[in-house]
């Protein structure tokens, strides 16, 4: 399967994630950002780990598995990792 386009991930992120994670931050828990170092620290530095987090939710983060398709979630995961690599 082809990897989802980062542009798709960006628009999905903007519509569904940015209210809490604008610019890679976390308005609920400032220690758990989407920055590369924090993703690694919390074991969320792979597409698979981010897909699981977004799909199932955890703690204050709601599950998006019922709201977004698997393809959309994968697109967001790829976008988040790409942005983390760039430093947001």
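Residue numbers in this text run from 1 along the chain shown.
Backbone N, Cα and C atoms are what each Cβ position is placed from, and that goes for glycine too.
Caution: TrEMBL annotation is automatic and unverified by curators.
Owing to the predicted nature of the structure, the values given are computational and were not obtained by experimental measurement.
The following features are taken from TrEMBL:
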- 4-84: domain 'Cytochrome c' (DOMAIN)
- 17, 20, 21, 61: heme c binding site (BINDING)
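Annotated features, which come from TrEMBL, shown on the structure.
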residue : record              : contacts (Cβ under 8 Å, 6+ apart)
17      : heme c binding site : 76
20      : heme c binding site : 26, 27, 28, 61
21      : heme c binding site : 13, 27, 34
| request: Note the Cβ centroid of 17, 20, 21, 61, the recorded heme c site, then list each other residue of that chain whose Cβ lies within 8 Å of it, in sequence. | output: 18, 19, 26, 28, 34
| query | Taking the Cβ of residue 61 (heme c binding site) as the centre, how many other Cβ atoms fall within a 10 Å radius? | reply | 17
| message | Quick check on the domain 'Cytochrome c' (4-84): DSSP residue counts for helix, strand, coil, in that order please. | response | 49 helix, 2 strand, 30 coil
| request: In whole Å, could you give the widest CA to CA gap in the heme c site formed by 17, 20, 21, 61? | output: 11
| remark: Across the domain 'Cytochrome c' (4-84) the predicted model averages a pLDDT of 97
